[in-house]
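Chemist: Below are the features listed in Swiss-Prot for this protein:
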TRANSIT   1-76  transit peptide
REPEAT    84-177  repeat 'Solcar 1'
TRANSMEM  86-113  transmembrane segment
TRANSMEM  154-178  transmembrane segment
BINDING   R159, K171, R316  ADP binding site
TRANSMEM  187-207  transmembrane segment
REPEAT    189-281  repeat 'Solcar 2'
TRANSMEM  257-278  transmembrane segment
REPEAT    289-375  repeat 'Solcar 3'
TRANSMEM  292-312  transmembrane segment
REGION    316-321  region 'Important for transport activity'
MOTIF     316-321  motif 'Nucleotide carrier signature motif'
TRANSMEM  352-372  transmembrane segment
Amino acid sequence: MDQVQHPSVMQKVAGQLFRSSHSQDFQGYNGSFRSPALYQRRAAYGNYSNAALQHPVRAFGDLSMVPSTASAICVQAPAEKGFSSFAIDFLMGGVSAAVSKTAAAPIERVKLLIQNQDEMIKSGRLSEPYKGIGDCFKRTIKDEGFGSLWRGNTANVIRYFPTQALNFAFKDYFKRLFNFKKDRDGYWKWFAGNLASGGAAGASSLLFVYSLDYARTRLANDAKAAKKGGERQFNGLVDVYRKTLKSDGIAGLYRGFNISCVGIIVYRGLYFGMYDSLKPVLLTGSMQDSFFASFVLGWLITNGAALASYPIDTVRRRMMMTSGKAVKYKSSLDAFSQILKNEGGKSLFKGAGSNILRAIAGAGVLAGYDKLQLIVFGKKYGSGGA
């Protein structure tokens, strides 16, 4: 009697979801279940391809029960079961994203307020600059109330669902289009293909969800007017769309889009470049299979790449803030040069410290939430969110 255990439907679907949502280094799903031992051997690379807040090597728990001798030719899971599993993963991933984003929302709002305070001062919505993260928290709670720290979070949570759906739609297409392999085509072709596919997929997804990011930014920076008893500029998410379309048209919702696409490529280039260079040097010997070492390295590299590309984020958000204003930046280059000329280079990094705190808070919450899911459901559903 054949003692080989064949994978269950759920295990096959878990393998498909894992392959479709991780690094370009993994092959696309071709309809057959491949030996999980292959992926376990390659687990050291690509664990942080989506974000530092995702649990590294989280997906391997679902494949651990499948023996490495599993048959390479198996009957595919029925479509309805596959969709059901996908829907559960998608929705639970949304809950996970909502939990982490909501927990870190106060830090995120403070980051955006500090980052865009100079534009707010120009428009009369801020009387004086913030002295730091603590001062921003204190003044925001005093002037607007504790609940205002979550202003703009709804748009940020909503943004997760179309982003993930679009990522599933675009990622495999561009992965096949730029199908370079490191061992076959060499490092630089693989690296260039990784940048191209990631940038193209990111820009394609961004085209559909950018207006939500714009609305989130405007709501988060909508502090009450500096004058006593001042009112807010926007009454909610729908009001942002209505007023922006009335004053600037569709272009107002997409101000800063071009530089955002550049930012995706710059970030991915820095991230994969640093990770691929540092991992073989630092994670050696006993450190190679260390969860903690992998997590710390991924977190440090993610924050390093985010810090290096932070000026691009500042420029795009400062451009967003000019929608509805009489005076606007002519282009991202004009915005960059004006900020440097009038405010100095330090202004491009305002709020960067909050970014690091946000990553810590999000990672801590997700770690706890993952543990809760293991207890309740027996598996983890990652947020995958950007």
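The backbone N, Cα and C atoms fix where each Cβ goes, and this holds for glycine too.
Remember, predicted model here, so these are calculated numbers, not experimental data.
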Chemist: Hey, what's the widest CA-to-CA gap across R159, K171, R316, the ADP contacts in the record, in Å?
Modeler: 24
Chemist: How many other Cβ atoms sit within 10 Å of the Cβ of R159 (ADP binding site)?
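Modeler: Its Cβ shell of radius 10 Å holds 21 other Cβ atoms.
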Chemist: Counting only residues 6 or more past its boundaries, what in the same chain has a CB within less than 8 Å of a CB in the transmembrane segment (257-278)?
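Modeler: Sequence-distant neighbours of the transmembrane segment (257-278): 45, 48, 187, 191, 194-195, 198-199, 202-203, 206-207, 210, 297-298, 301-302, 304-306, 308-309, 312-313, 315-316, 319, 332.
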Chemist: Please give the sequence-distant neighbours of the transmembrane segment (187-207): residues at least 6 beyond its ends with Cβ less than 8 Å from one of its Cβ atoms.
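Modeler: Cβ under 8 Å, 6 or more out: 24, 163, 166-167, 170-171, 173-175, 177-181, 213, 257, 260-261, 264-265, 268-269, 272-273, 276.
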Chemist: Could you please provide the mean pLDDT value for the repeat 'Solcar 2' (189-281)?
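Modeler: Averaged over the repeat 'Solcar 2' (189-281), the predicted model reaches a pLDDT of 88.
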Chemist: Let's see if you can do this one: DSSP helix, strand and coil counts over the repeat 'Solcar 2' (189-281), in that order.
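Modeler: Its residues divide into 73 helix, 0 strand, 20 coil.
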Chemist: DSSP helix, strand and coil counts for the repeat 'Solcar 3' (289-375)?
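Modeler: Per DSSP, the residues of the repeat 'Solcar 3' (289-375) fall into 71 helix, 0 strand, 16 coil.
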Chemist: May I ask which residues of the same chain, at least 6 positions away in sequence, place their Cβ under 8 angstroms from the Cβ of R316 (ADP binding site)?
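Modeler: Same-chain residues close to R316 (ADP binding site) (Cβ under 8 Å, separated by 6 or more) are G256, F257, I259, S260, G263, S332.
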Chemist: Within 10 Å of the Cβ of K171 (ADP binding site), how many other Cβ atoms can you find? Include all protein chains, please.
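Modeler: The answer is 22.
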